[in-house]
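Trainee: Relevant sequence annotations retrieved from TrEMBL are reproduced here:
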- 57-79: transmembrane segment (TRANSMEM)
- 113-134: transmembrane segment (TRANSMEM)
- 154-173: transmembrane segment (TRANSMEM)
- 225-249: transmembrane segment (TRANSMEM)
- 269-293: transmembrane segment (TRANSMEM)
- 305-331: transmembrane segment (TRANSMEM)
- 357-466: domain 'TMC' (DOMAIN)
- 425-448: transmembrane segment (TRANSMEM)
- 469-493: transmembrane segment (TRANSMEM)
- 537-559: transmembrane segment (TRANSMEM)
Amino acid sequence: MQVPVVSSRESWKRKKTKSLRKFKDNARGCRSFFTLWSKSLQKIGGNFGGGVQSYFLFLRFLVVLNFVSFLLIAGFVLIPSINACKDHEAFLLLCFLGPKECMDYDPNPQGLVVFYNYFLNLLSGTGFMEYSYLFYGYYNNTTVEDRNFYNIPLAYLFTAIFYFAFCLICIIARSVPERTGSILLIKMQRVCVCVCVRGDLSHLVDLEEESIKKRAAALTLCQKIVLYALRVSMCFGSFGLIIAAFYGIFVATDFSQVNYVKGDGEQGILGLIFQYLPSIVITAGNFLVPLLCDQIALIERYAPSTTVIVALLRAVFLRLVSLGVLLFTLWSQITCAGDTKKKDCTLCQYNYKLYPCWETRVGQEMYKLTLFDLLINIVVLVLVEFPRRMVVDNWSSKLAQWVGRQEFVVPANVLGLVYGQTVVWTGALFCPLLPLINTIKFVLLFYFKKITLFYNCRPALKTFRSTTSTFFFLVVLLFGWGLATVVMVYSLAEIHPSMGCGPFRFFPSMWSIVPTSFYNLSEITQEFLFFIGSQAFSIPLFVLSCVVMCYFITLASVYGKSVAMLRAQLKLVSCWHLPKWCSV
């Protein structure tokens, strides 16, 4: 027997490959050790499936996104603002004395303050909380000249814009692999719709949905007309409930803003309830309206998959547009319904009597929405979910057994996360530390949901597919990001900044800081920026982009053909081994 001779070069290559593979395994293990909640997520996936695990993965993604966003804001806005307060070389960028009425803004309480008012101020964002780095009104219109020239208003604006762009990039970067995975899963299911065990046929075919389709096909023309008329009327009924919820939010916000107290404690708990009234109405609407719409869905008699889709669309529309109604009510009061010629808006171009610092007021509303959402989750966990589990486990009556333990409903919980993140994006321009608050909130929410999942919930009867669900979560999150972007653009370009507070107090709009700072640059820098915006630069860049795009399109088509060939081979192999149960 001849033993193969290995040269020293080949031996060195093998040793190098082996050591490199060992190093990669160690690095992967070290990475999994430092990954946030990796063991908990594995335990959740093993006990409750990939659908529930996808919710917690989505929650971890939002925690990391908010924490990195806070680091971005702290590095470019918070820390320079703190240094500017300590630096003697900091000075006002633009000094302009407007009307005295517009400059009148003093949120600090006068005289002695009762101790419990500090707790009320903490919950409402007024008093000592209002005039702090938490809100827009505390930041000054200053620049710092130490070794470098640092323009705080310009940094504030560009940090907000880059924050939104950074979040969009993270969402898209995360959604692309999820979308690819879901597409591959769907195509793999289409390649081989096989039943390896005949007794497991019910796991792949929804018999209820098939029976509904058969009954729908057997209906007469008159019965179909009655059914479609019933569905249309129920659809109008559900939209009527949603519109009623929107009207309630409008009335509650208008009442809350008119009866607003500046944190002086004259109304105490009653004043706090008035301030939280929009948050209470929004939360109540988000809870009650989907329940009523679920009862309407039983009358509509859709297929189960269609019922789930319709319920999700209604819930997404309700949550996002309810926030839009709140903002619309605030904007209409701040700008006097868009008519700056009215008495209250003529002097300052905004309603200075009701909103001496309107940016801080909007930030306070978003702060209260975030805090109230966390408080509601804690109350539901302590007062609803734990008592329900104790009653079901310790009481053997038919009613308790009929109620049973609750299921962890993935879509409803994810919509709660999307709603909370949309609130943070909306308020980040007016409350710069809101991403940090949301990070703490989501960390606490992770542990709350984990506790209620393992102690209060039972495994779901119908599983939620993790690949398609994660992509759906990110798509809904993009809608929330779009709503918050519209709010930011409108605030930057249309509404006059408050003259008594904030870094843009002496500008006609927040965006005015950009051309003002541009013309303060050196001539060489201005010429360079003009060249970037000229045709001499944009046309070659467009041609180069077209070439690169054509290259990637060609590469994608080649990969697509390779995947199609592999799919065809897999189909042939599958049907060769399972000729009875695989249909091509």
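The backbone N, Cα and C atoms fix where each Cβ goes, glycine too.
Bear in mind that TrEMBL entries carry predicted annotations, made automatically and left uncurated.
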Trainee: Is the transmembrane segment (113-134) close to the transmembrane segment (425-448), in the sense of at least 3 CB pairs under 8 angstroms with a sequence gap of 6 or more?
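Mentor: Contact between the transmembrane segment (425-448) and the transmembrane segment (113-134): present.
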Trainee: Count the Cβ pairs between the transmembrane segment (469-493) and the transmembrane segment (225-249) that lie under 8 angstroms and are 6 or more residues apart in sequence, then report whether there are at least 3.
Mentor: no
Trainee: Determine how many residues of the domain 'TMC' (357-466) DSSP places in helix, in strand and in coil.
Mentor: 85 helix, 4 strand, 21 coil
Trainee: Counting Cβ pairs under 8 Å that sit 6 or more residues apart, are there three or more between the transmembrane segment (305-331) and the transmembrane segment (113-134)?
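Mentor: These two segments do not touch.
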Trainee: For the transmembrane segment (113-134), what are the same-chain contacts with Cβ under 8 Å, counting residues 6+ beyond its ends?
Mentor: 78, 81-82, 107, 261-263, 265, 268-269, 271-272, 275-276, 360, 363-364, 367-368, 371, 431-433
Trainee: Going along the chain, which residues at least six beyond the ends of the transmembrane segment (269-293) come within the CB cut-off of under 8 Å?
Mentor: 120, 123-124, 126, 238, 241-242, 245, 248-249, 252-253, 255-256, 259-261, 311, 314-315, 318-319, 322-323, 326, 364-365, 368-369, 372-373, 376, 412, 419
Trainee: State the non-local partners of the transmembrane segment (225-249) in its own chain: residues 6+ outside its ends, Cβ under 8 Å from one of its Cβ atoms.
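Mentor: Here the qualifying positions are 216, 219, 278, 281-282, 285, 288-289, 292-293, 296, 299-302, 314, 317-318, 321-322, 325-326, 329.
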Trainee: In this predicted model, what is the average pLDDT of the domain 'TMC' (357-466)?
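Mentor: Average per-residue pLDDT within the domain 'TMC' (357-466): 87.
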